[in-house]
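Over in Swiss-Prot, the protein carries these features:
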type	residues	note
ACT_SITE	CYS98	active site, nucleophile
BINDING	ASP62, ASP63, CYS98, ASP333, ASN334	Ca(2+) binding site
CARBOHYD	ASN118	N-linked glycosylation site
CARBOHYD	ASN190	N-linked glycosylation site
CARBOHYD	ASN205	N-linked glycosylation site
CARBOHYD	ASN217	N-linked glycosylation site
CARBOHYD	ASN286	N-linked glycosylation site
CARBOHYD	ASN324	N-linked glycosylation site
CARBOHYD	ASN369	N-linked glycosylation site
CARBOHYD	ASN394	N-linked glycosylation site
CARBOHYD	ASN412	N-linked glycosylation site
CARBOHYD	ASN429	N-linked glycosylation site
CARBOHYD	ASN456	N-linked glycosylation site
CARBOHYD	ASN487	N-linked glycosylation site
MOD_RES	CYS98	3-oxoalanine (Cys)
MOD_RES	SER548	phosphoserine
REGION	1-26	region 'Disordered'
SIGNAL	1-47	signal peptide
Amino acid sequence: MRFLSLAPDRPRRGGPRHLPSGSPAPPPPPPLLLLLLLGGCLGVSGAAKGSRRPNVVLVLADDQDEVLGGMTPLKKTKALIGEMGMTFSSAYVPSALCCPSRASILTGKYPHNHHVVNNTLEGNCSSKSWQKIQEPNTFPAILRSMCGYQTFFAGKYLNEYGAPDAGGLGHVPLGWSYWYALEKNSKYYNYTLSINGKARKHGENYSVDYLTDVLANVSLDFLDYKSNSEPFFMMISTPAPHSPWTAAPQYQNAFQNVFAPRNKNFNIHGTNKHWLIRQAKTPMTNSSIQFLDNAFRERWQTLLSVDDLVEKLVKRLEFNGELNNTYIFYTSDNGYHTGQFSLPIDKRQLYEFDIKVPLLVRGPGIKPNQTSKMLVANIDLGPTILDIAGYGLNKTQMDGMSFLPILRGASNLTWRSDVLVEYQGEGRNVTDPTCPSLSPGVSQCFPDCVCEDAYNNTYACVRTMSELWNLQYCEFDDQEVFVEVYNLTADPHQLNNIAKSIDPELLGKMNYRLMMLQSCSGPTCRTPRVFDPGYRFDPRLMFSNHGSVRTRRFSKHLL
């Protein structure tokens, strides 16, 4: 029995080289009549009568930034997706860490609603609670059960997927017809995959084991051997450019003259910022700079294989006659930094370089060479894809909004001006033996004992964007109740925290606005503009010359 059944109306071009045999065939999608009785997908608006619903492909990179030029190596991806469709210049994640962000993509929810707060089982990352409560309601599960889509997953799922305490590799999340998932975190060699619930180990032979290429090959085989009677959804989650930054052999000498960008916030002290940022050592040591330059270069090298993957997918879709009826999304789970505010390498922070991601989309009804400045977040991916499939967002409890009208060029569109960013810091209860001078409660202290995280690196922000304003307001849940506010129109590199130069009364209103977002759920998160109907926020008041005033203490609101 084959992993993927051969469609009866397509000639076979040789047996699948990369898909294993011996796995049980998935059940067929529900018949159309049953879907209609269940109130399923009724067809995407604007589709030709009698035409099949569109296919969707989502390619998800791991730790790929937008601010520091993360899309530069992906020339083919930009040409085949961005230039053939729409590029979003204001795409954000609600949490700058892998597992919470990926959970937001799958559920369409903010972290305070899906309750995945970090990359551990204790933090609800692929835990039994996640499996029981959230997985049945992910957008792929809805596509499968309510819309009759074939659903295919390949690559990194969640950081703790495959943990023995949460079902191991035998656990296949609800909603996936074909499951080809990596055990735990990103690797390029010497990893284990769950193939429809059965473990398969890979070694370190480039020709058969390099994970990005394996994902490309199994995805191409799916396109050749799937059923042609139903639409499909594919999610391909690459390891690149996540550490350990192992490039394919043919790309290991690329970008030899490339270094981490020396932008205005590179290797400077984080003045007037949260203590975790202030503890970074400025200037960085030469060894730290050399380390992050090498990391930056190697990250780009790994992305060249992702570029090849995208090219292969597009060409195969075109060869199979399916490209014109397929939406292709390209994005990342979070951004990254390399030396900004003297933090060597990581994500997790509230600044643009960590929370802003690439987002490119092509598909039916999207004009080529479009750029949108509309404020979108990865919680919008699920609602948008369900909208494409014809499933109403109001049937879900998702926090995000469908940006399909933006893709189709809708005019006079009422849209949000704010998204929420929230993060719960991680620390260690013991002192790091490599950094004995540091107290317990910190983590990710490398190199030179510069820490990237701590228990009280717990914060929530409102990111505000409109035609006139470009703002960020953040609160930390710590003893200081520290506040950071940035006017990104005047200060795009977030050098100047203006929290102490703003009227305390206005800060109080902004605090209340943040708490409204942190307590939202489902439809109340989708309300455009200001979330408190009794309050009209005027950003112009922020930049009046109030002088230096003492900021009031805010009421804390935990994630």
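Backbone N, Cα and C define each Cβ position, glycine as well.
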When you rank ASP62, ASN286, ASN394, ASN412 by Cα distance to ASN487 (N-linked glycosylation site), which of the recorded positions ends up on top as the closest? ASN412
Binding-site residues near ASN118 (N-linked glycosylation site): from ASP62, ASP63, ASP333, ASN334, Cα within 10 Å gives none
Which one of the glycosylation sites (ASN118, ASN286, ASN394, ASN412, ASN456) has its C-beta surrounded by the most other C-beta atoms within 10 angstroms? ASN118
Centre the Cβ atoms of ASP62, ASP63, CYS98, ASP333, ASN334, go out 8 Å, and tell me which other residues of that chain have a Cβ in range of the Ca(2+) site. ALA61, GLN64, LEU97, SER101, ARG102, HIS242, SER332, LYS347
Work through the recorded positions one by one (ASN324, ASN334, ASN487) and point out the residue whose CB has the fewest other CB atoms within 10 angstroms. ASN324
According to DSSP, which of helix, strand or coil covers ASN217 (N-linked glycosylation site)? helix
List the residues of the same chain that sit at least 6 positions away from ASP62 (Ca(2+) binding site) in sequence and have their Cβ under 8 Å from its Cβ, in sequence order, or write 'none'. CYS98, LYS156, SER186, SER237, THR238, PRO239, ALA240, PRO241, HIS242, SER332, ASP333
Which of the three DSSP states, helix, strand or coil, fits ASN118 (N-linked glycosylation site)? coil
Using C-alpha atoms, which one of the recorded positions ASP63, ASN334, ASN394, ASN456 comes nearest to ASN205 (N-linked glycosylation site)? ASP63
